[in-house]
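A.B. asks: Take a look at this one; I'll ask things after.
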């Protein structure tokens with residue numbers, strides 16, 4: 001089926017996944033609040049990432065670094081001088097655009113070139129394309145453009161009681177630097193030998209020129225990043241390892257392979273610190289978008305921090321007796337973007353035999369579903385006994401309890417929020433201590449002893 005963002009955004013708001021930020025005051029451009037179901041979904045995504053990339057990995061450990069860091073961190077990393085996007089304004093609409101994305105949107109939508117990438121083009125090359133193609137502002141319909149110029153993405157604030165340059169600090173634009181500055185702390189305290197990785201989940205902030213597409217590109221966002229350190233010369237082998245590992249993680253959580261692709265950056269597109277980068281992209285309703293960047297950052301970051309701090313980041317290899325600065329592979333995933341991908345991929349409208357109405361169902365992997373099951377008493381007269389099942393199961397799983405409306409409408413509501421199993425407590429349950437368990441995807445129903453529910457759910461929602 002063809003999916004569109006408007007339908008998915010509407011469902012997200014209607015069912016409590018995502019709300020517009022500051023809604024009662026007219027909102028704030030491109031800010032979003034995760035509702036009761038959205039926070040459960042996103043937390044489950046983060047839990048699944050941490051489980052596979054940290055807890056179950058023989059290589060990796062986790063940290064939680066501060067959002068506010070010494071400004072020298074950003075001087076060393078190059079963010080203060082180089083963390084820029086190409087900005088262009090339309091003189092008639094007064095709207096500001098990111099020039100490379102303006103070109104990419106035009107080429108993909110108007111020319112049908114889904115693989116066109118403007119990242120890596122010079123300002124002159126981008127302006128030439130805009131002029132030659134006659135690209136116009138979507139709002140004003142005119143091609144009355146300013147010149148392209150750099151726009152720094154760092155959010156600046158002040159620490160302390162006086163707002164002057166000596167107290168100037170920045171909201172971090174990525175979580176990676178918190179890992180690099182803690183490299184030696186972690187390596188020594190955990191007695192780690194190469195190869196090993198350090199991962200974290202946390203908020204980052206970028207003053208994006210043209211955020212948009214719901215929670216895909218926002219100014220406040222959450223990252224799930226791993227910095228994996230290895231011996232120089234082994235980085236491409238490890239990059240390939242993490243490409244495969246990350247792709248499999250997505251597939252295991254029910255992302256359709258047809259909606260995924262791996263795209264290698266060409267030489268012009270590579271960041272200044274990288275000798276190889278691959279993006280895992282997802283086909284959203286609005287087009288292909290990056291989910292996961294898997295970059296070989298070489299020894300750039302550790303060397304830069306060594307130069308600026310005076311700290312020695314050389315690793316003494318106990319096997320070869322060599323000393324060298326480790327290379328780093330960075331699989332960087334946006335928690336909000338991948339949550340949106342799971343929302344889009346799970347959404348389906350399907351016909352129901354014997355009914356003229358389609359049912360909307362979210363086919364989440366059970367490990368990601370906000371609720372693992374819903375307990376539904378067939379009648380409110382049965383609620384007192386049915387709530388005991390809720391109390392029993394909710395100590396181990398996220399469980400919904402719903403006693404209002406007909407059982408059919410309750411099934412549809414649970415389908416629409418992605419609950420894998422509905423547990424119906426009926427009048428026979430009072431006598432035989434069994435319940436009817438309905439499967440979300442197949443809609444098949446089986447009778448099951450109440451005593452077996454916990455084991456059943458544990459097996460079904462495992463990841």
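A Cβ is built for glycine as well, from the same backbone N, Cα and C atoms used for every other residue.
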A.B. asks: Among 174, 281, 384, which residue does Swiss-Prot annotate as binding substrate together with 98, 221, 222, 223, 224, 225, 330, 331, 332, 333, 334?
C.D. replies: 174
A.B. asks: For residue 221 (substrate binding site), which of these binding-site residues sit within 10 Å, Cα to Cα: 206, 208, 291, 335, 337?
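C.D. replies: Candidates kept after distance check: 206, 335, 337.
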A.B. asks: Does DSSP give residue 291 (ATP binding site) helix, strand or coil?
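C.D. replies: The residue in question, residue 291 (ATP binding site), is strand (DSSP, three-state).
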A.B. asks: Take the Cβ of residue 225 (substrate binding site) and count every other Cβ within 10 Å, whichever protein chain it belongs to.
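C.D. replies: Taking all protein chains shown, residue 225 (substrate binding site) has 24 Cβ neighbours within 10 Å.
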A.B. asks: Measuring Cα to Cα, tell me the gap between residue 98 (substrate binding site) and residue 219 (ATP binding site) in whole angstrom.
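C.D. replies: Here the two Cα atoms lie 14 Å apart.
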A.B. asks: As a test of the contact definition, list every same-chain residue at least 6 positions from residue 291 (ATP binding site) whose Cβ is closer than 8 Å to its Cβ.
C.D. replies: 250, 279, 280, 281, 282, 333, 334, 337, 338, 341
A.B. asks: Hey, how far is residue 223 (substrate binding site) from residue 206 (ATP binding site), Cα to Cα, in Å?
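C.D. replies: Their Cα atoms are separated by 12 Å.
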A.B. asks: For residue 219 (ATP binding site) and residue 331 (substrate binding site), what Cα-Cα distance in Å is obtained after rounding to a whole number?
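C.D. replies: Just about 21 Å between their Cα atoms.
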A.B. asks: Would you count the other C-beta atoms found within 10 angstroms of the C-beta of residue 337 (ATP binding site) for me?
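C.D. replies: There are 23 such Cβ atoms around residue 337 (ATP binding site).
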